[in-house]
Amino acid sequence: MLQSLAGSSCVRLVEQHRSAWCFALLVLGYLLYLVFGAVVFSSVELPYEDLLRQELSKLKQRFLEEHACLSEQQLEQFLMRVLEASNYGVSVLSNASGNWNWDFTSSLFFASTVLSTTGYGHTVPLSDGGKAFCIIYSVIGIPFTLLFLTAVVQRIIVYVTRRPVLYFHIRWGFSKQVVAIIHAMVLGFITVSCFFLIPAAIFSVLEDDWNFLESFYFCFISLSTIGLGDYVPGEGYNQKFRELYKIGITCYLLMGLIAMLVVLETFCELHELKKFRKLFYVKKDKEEDQVHIMEHDQLSFSSISDQAASMKDDQKANEPFVNSQSPTSNDSSLNN
């Protein structure tokens, strides 16, 4: 008996705090996912980093042996300066000296990466004035971009998602949830094809050093606004039509970001995902509030009606030429 009571009390406790338990599991799952990613990245990338360090060390020692007049300190100072310039997008190589990072098309591409929060990091402001303007430009531009994207996505999703789903639901009588799931899958497939697979094939042809996987990696990193900056198109020294190419990439990033937001909004409107998200939200005590409000309203309405009835009786009592006798007494007096 005690065990059954304890079990029922535990079940009741879990049901009462279900949202809190789900949120705790969500936090635990997220932390475990972070640890899992760190373990995988470390085990995969650490051997490659070790090999690269050994290779660079050997190259450095060989260079110093071949150039005995150059000290190791002088070489390291030169390399530090070169690496610092490379972090600002300026290369010391002769084949890259013709590519300017701050012409109009490159600046337009940089502005789009700043406002979309992609931020490749291959080109950054050098001057103090440029850094200050970048701060002011981002503070105003990023909320403006969010407002712009929200307005565009809100209009597109009406014609791309809601009306087609409603059409098949009303016209053909299919279940709205089933139609929404199929529509979301089809829309996701079209988006992946038009903004990931096809552009990846195009980038693998236009970029000499990129294969299909690297091109697909660039598309995903860019449209997910991660923007690692290890692959940036249009930076080759023999790139043809570089200005037009940069403008095309800017348009691709903007359109791809809108398409990604439309797909995400479509999936977020699925009934199953809405139910799943509600597991982790704080539940509002609307029912108790509504009951309290209804009881209060009923009390107030009953008190008002009672007050109105009493006021009517007082008015009748105070009115002249009003007989307070009952109708039966009046009839009896008439008969007499």
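First residue shown is number 1, and so on along the chain.
Glycine is no exception: its Cβ is also placed from the backbone N, Cα and C atoms.
Per TrEMBL, the features are as follows:
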| type | residues | note |
| --- | --- | --- |
| TRANSMEM | 21-44 | transmembrane segment |
| DOMAIN | 94-156 | domain 'Potassium channel' |
| CARBOHYD | N95 | N-linked glycosylation site |
| TRANSMEM | 135-157 | transmembrane segment |
| TRANSMEM | 178-203 | transmembrane segment |
| DOMAIN | 192-268 | domain 'Potassium channel' |
| TRANSMEM | 215-232 | transmembrane segment |
| TRANSMEM | 244-264 | transmembrane segment |
| REGION | 306-336 | region 'Disordered' |
| COMPBIAS | 321-336 | compositional bias 'Polar residues' |
Short question: which residues 6 or more past the ends of the transmembrane segment (135-157) have a Cβ under 8 Å from it? 111, 114-117, 257-258, 261-262, 265-266
Determine the mean pLDDT over the domain 'Potassium channel' (94-156), rounding to the nearest whole number. 87
